[in-house]
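Everything below concerns the one structure shown next.
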């Protein structure tokens with residue numbers, strides 16, 4: 001009788017092929033097959049992320065679903081597909097790439113976790129975090145007995161209990177950060193509490209996971225697990241003593257504003273790999289070494305930011321999705337069969353949600369939080385994500401979780417993360433201030449002695465010198481409470497998988513609460529404004545807003561309402577080149593400006609920056625600016641005039657008001673017909689009252705000059721305006737009214753600046769003066785003002801300078 005042939009092992013894959021013309025199939029070789037796998041993963045996950053965007057789901061949900069779809073649960077049901085695209089012999093390469101990306105991602109997570117913030121965690125947040133860990137951990141242990149009695153028979157009890165407890169008690173800190181940022185809850189008490197509690201939870205979860213891995217070793221003696229724990233603890237202590245001095249030395253040698261030396265980045269990344277090798281050798285996992293080094297890197301200065309920029313896009317955009325596919329290939333939903341298996345899935349989901357949500361809510365209520373906020377916090381703390389998958393994959397690789405248990409746990413992580421955003425949106429709506437409390441929505445007002453509040457916005461440090469000098473000349477009299485400014489740094493919430501570094505920037509800039517003056521930091525934005533506040537008579541509060549660009553205007557409008565400001569000042573979406581022409585900084589910035597103009601609860605100014613006062617702050621005693629107001633008439637021009645008169649109270653300001661009136665010879669012609677379409681009947685009397693008051697003020701104040709210019713047509717108006725190009729700042733209305741401006745009111749490239757603003761930035765007009773284009777608040781903007789913005793939206797971005 002013939003002996004059965006021994007099964008043949010598949011030949012190892014070569015790296016590259018000779019090409020199809022040499023008769024090679026590229027999918028039989030490691031590199032081209034890996035390229036196909038990566039491209040397939042990226043396309044599928046990005047499409048799913050786009051489809052889930054209306055539901056405001058974090059990208060991790062799309063990546064988990066994509067991994068499951070590519071695995072045996074969906075597409076993998078086709079044996080031909082599975083053996084062509086994900087053959088068994090390629091999985092080692094795929095897992096290696098995925099874990100390689102995971103090591104650097106965990107380094108980033110550690111890099112973005114600030115130990116100092118943990119030490120400052122309040123008692124309430126600490127109690128909530130401990131309850132959010134202990135209660136679900138206990139329920140996880142209870143659930144593990146049910147699983148061991150049914151679908152997980154024969155597994156090692158100790159490690160299984162700990163893995164189940166950790167899996168049910170984890171809160172995904174990176175995913176939670178993104179959800180809070182996208183729901184605009186970072187500025188709320190709930191957001192602050194959730195981030196603080198999740199940070200504590202994250203650290204506790206990693207400690208418990210290290211314990212679970214040590215216990216799940218293959219050694220028969222319990223002494224081996226003890227050795228693993230002791231060696232792991234020794235490694236951490238060694239890193240704590242050796243790492244920080246070296247990293248601090250590197251950080252000190254990195255100057256703000258200068259590129260970080262490549263040798264420091266290279267040395268740090270090599271250290272991450274070395275630390276991963278050491279912890280893998282000990283028997284914990286390579287990712288622990290990377291995480292520990294990330295925690296020890298100093299968070300201040302440009303060094304940490306440079307590391308994030310160098311690593312994050314490649315890791316989170318390219319390698320990390322492979323980890324989800326690697327998990328998806330191990331997840332087979334078909335293994336969940338029969339009433340018993342589905343009942344266990346429901347049990348796991350219920351215990352996970354119940355333990356986390358109820359434990360958090362009970363302690364939150366004991367800490368005297370409102371019921372609505374406690375409920376919201378419970379669902380936020382129930383967020384799972386990548387960290388959950390890491391725990392599950394380690395458990396499966398160690399033989400603690402079988403295929404069916406693994407599939408149940410992955411579906412539980414997906415479900416709990418998916419429900420977080422919709423439920424939080426439905427149950428938590430932060431209270432808004434009553435409209436009756438918001439009286440002063442414009443600079444123009446009867447009682448000019450009242451405090452003026454302004455919200456100034458900027459995207460980059462380039463705008464700060466001009467912004468500070470504008471605030472200086474806006475302060476009016478020397479009274480400390482005469483002007484209060486909220487300086488908002490607008491930062492885009494990118495598609496990167498982690499938003500935690502941005503959250504740290506928010507905290508350093510005064511959020512989740514507006515900076516009360518006690519937060520001092522090396523951050524140059526904060527330092528610039530704190531220095532200015534100490535030197536001037538202005539009360540100033542720096543802050544940061546983080547949003548996707550398509551909803552950035554909502555943050556600006558909400559902040560303006562909550563602070564009851566009289567004017568929002570926005571940066572123009574173009575910057576001036578050395579030759580005087582303007583280049584578009586980013587097209588989506590103009591969309592932000594237009595939406596704010598359409599929906600603002602107060603007056604709005606758009607600042608065209610040509611370097612007001614140069615590249616540094618001009619002290620109050622050295623201010624010597626000439627400000628020119630081009631007055632044609634109408635609401636916006638009157639607001640610009642009111643703002644200019646306030647500026648004229650500053651001892652270093654000379655204000656020139658130039659009023660343009662139509663020549664009596666041409667009044668009544670075609671220009672007058674245009675006027676009837678572009679101005680309201682009450683405009684003329686109101687303009688005359690304002691000008692009359694200005695003339696009375698001039699008799700007492702020599703710093704204000706008033707002139708009238710009679711013009712016949714657009715060309716003459718343009719020539720007259722050119723004669724006033726020797727000034728530091730123009731103040732103009734966005735939609736001036738009257739007979740003169742009617743001839744100028746034509747379609748323009750930048751309708752948010754209006755006809756006069758466009759004229760002042762045109763190549764034909766030579767000046768070095770900055771421009772502030774003002775729109776006065778009205779409960780309902782005129783149809784002309786609204787239609788100009790809507791036309792601009794539809795024909796956006798086609799004109800280049």
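Here the Cβ of each residue, glycine as well, is placed from N, Cα and C on the backbone.
A TrEMBL annotation is a machine prediction, not a hand-curated record.
Per TrEMBL, the features are as follows:
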TRANSMEM  29-48  transmembrane segment
DOMAIN    44-423  domain 'Cation/H+ exchanger transmembrane'
TRANSMEM  60-76  transmembrane segment
TRANSMEM  96-113  transmembrane segment
TRANSMEM  125-147  transmembrane segment
TRANSMEM  159-181  transmembrane segment
TRANSMEM  193-217  transmembrane segment
TRANSMEM  223-243  transmembrane segment
TRANSMEM  264-297  transmembrane segment
TRANSMEM  342-367  transmembrane segment
TRANSMEM  374-394  transmembrane segment
TRANSMEM  406-428  transmembrane segment
DOMAIN    483-622  domain 'Cation/H(+) antiporter central'
DOMAIN    626-778  domain 'Cation/H(+) antiporter C-terminal'
Worksheet, complete the sentence: Contact count check, CB pairs under 8 angstroms to the transmembrane segment (406-428), set 60-76, 96-113, 125-147, 159-181, 193-217; argmax is 60-76
Response to the item:
Sequence-distant contacts of the transmembrane segment (96-113), meaning Cβ under 8 Å and at least 6 residues beyond its ends, amount to 34, 173-174, 199, 202-203, 269, 272-273, 276, 286-288, 290-297, 299, 304, 307-308, 311-312, 315-316, 318-320, 322-323, 325-326, 386, 390, 497-498, 500-501, 503-504
Worksheet entry | Stretch among 125-147, 159-181, 193-217, 342-367 sharing the most Cβ pairs under 8 Å with the transmembrane segment (264-297) | 193-217
Item to complete: Name the range, of those listed as 60-76, 159-181, 193-217, 342-367, that has the largest tally of Cβ pairs under 8 Å with the transmembrane segment (374-394).
Response: 159-181
Response to the item:
Within the same chain, the residues 6 or more beyond the ends of the transmembrane segment (60-76) and with Cβ under 8 Å of it are 40-41, 44-46, 48-49, 51-52, 82, 86, 172, 175, 320-321, 324-334, 385-386, 389, 407, 410, 413-414, 417-418, 497
Response to the item:
Lying 6 or more residues past either end of the transmembrane segment (125-147) yet within Cβ distance under 8 Å of it, the residues of that chain are 160-161, 164-169, 171, 193, 196-201, 204-205, 208, 344, 347-348, 351-352, 354-356, 358-360, 362-364, 366-367, 377, 381, 405
Item to complete: Would you mind listing the long-range same-chain contacts of the transmembrane segment (342-367), meaning Cβ under 8 Å and 6+ residues beyond its ends?
Response: 124, 127-128, 131-132, 134-140, 142-143, 146-147, 150-151, 168-169, 171, 193, 197, 336, 373-375, 377-379, 381-382, 408-409, 411-412, 415-416
Practice prompt. Would you mind giving the whole-number mean pLDDT across the domain 'Cation/H(+) antiporter central' (483-622)?
Written response: 73
